[in-house]
């Protein structure tokens, strides 16, 4: 990459006439040279920001600069690069470059947006104080940007579907779909009675439930048959029969009967009770 066109040079050199002449001879494609003198008590950043050149963004095709403290290189590049045109060339001179220092410089140039960096050991008439100087030559990357088309949200709304009810929907023919609850089966239905009649075989004139009885005949046959006298003569084995169903066992003959006093032969209902029901 060769310097060409309008080039700015930052240097601490006071008398730059001979240096500029030598620079043009070395770089014949350079048409014009602008020298930005850096004072002894100043630095590159202060010189660029305080000079009239700072108002001329993208003014130069090339910039020649130097760095005395690579720790401040990022700040210096932030001040210098706005003056460089897109695709322009930056030539940076640094003295006493070691391997670790070189890597830091290359990283700073890359972060600054410079590409195609090359380095070589080279002295410059603008920096006679630099011993073993290395020049880093880079190109300012051109970042092209384009507008991203935005998808415009459609303002057209779809019509909301509505249910429509016609008068014919309430005709007499719809009554056929309504279930009559009186036709539903219950435990006393004749169908259930017929199922009991078909269950098992009659033995000695008494129906005996089949092995897998589901009609309730088995439970009915297994229920103990006791007379009222037998019920009154029963003695509680658990002692809780008189307390009510909540305390009675599953086979208690008093299930379903109200609570009574211990020792009572019969269970009487007090119909004259004034308690609220």
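For all residues, glycine too, the Cβ spot is worked out from N, Cα and C.
Segment annotation: Swiss-Prot labels motif 'Cx2C motif 1' over residues 238-241 (candidates 234-237, 238-241, 242-245).
Feature annotation (Swiss-Prot): of 199-215, 216-232, the stretch labelled region 'Fe-S binding site A' is 199-215. For the pair residue 213 ([2Fe-2S] cluster binding site) and residue 241 ([4Fe-4S] cluster binding site), the C-alpha distance works out to 31 angstrom. Cβ contacts within 10 Å of residue 238 ([4Fe-4S] cluster binding site), excluding its own Cβ and spanning all protein chains shown: 10. Taking a C-beta cut-off of under 8 Å and a sequence gap of six or more, residue 249 ([4Fe-4S] cluster binding site) has these contacts in its own chain: 238, 240. Taking each Cβ in turn and tallying the other Cβ atoms within 10 Å, the top scorer among the binding-site residues 210, 213, 215, 241, 252 is 241. For the motif 'Cx2C motif 1' (238-241), the predicted model reports an average pLDDT of 75. A straight line from the CA of residue 252 ([4Fe-4S] cluster binding site) to the CA of residue 215 ([2Fe-2S] cluster binding site) spans 23 Å.
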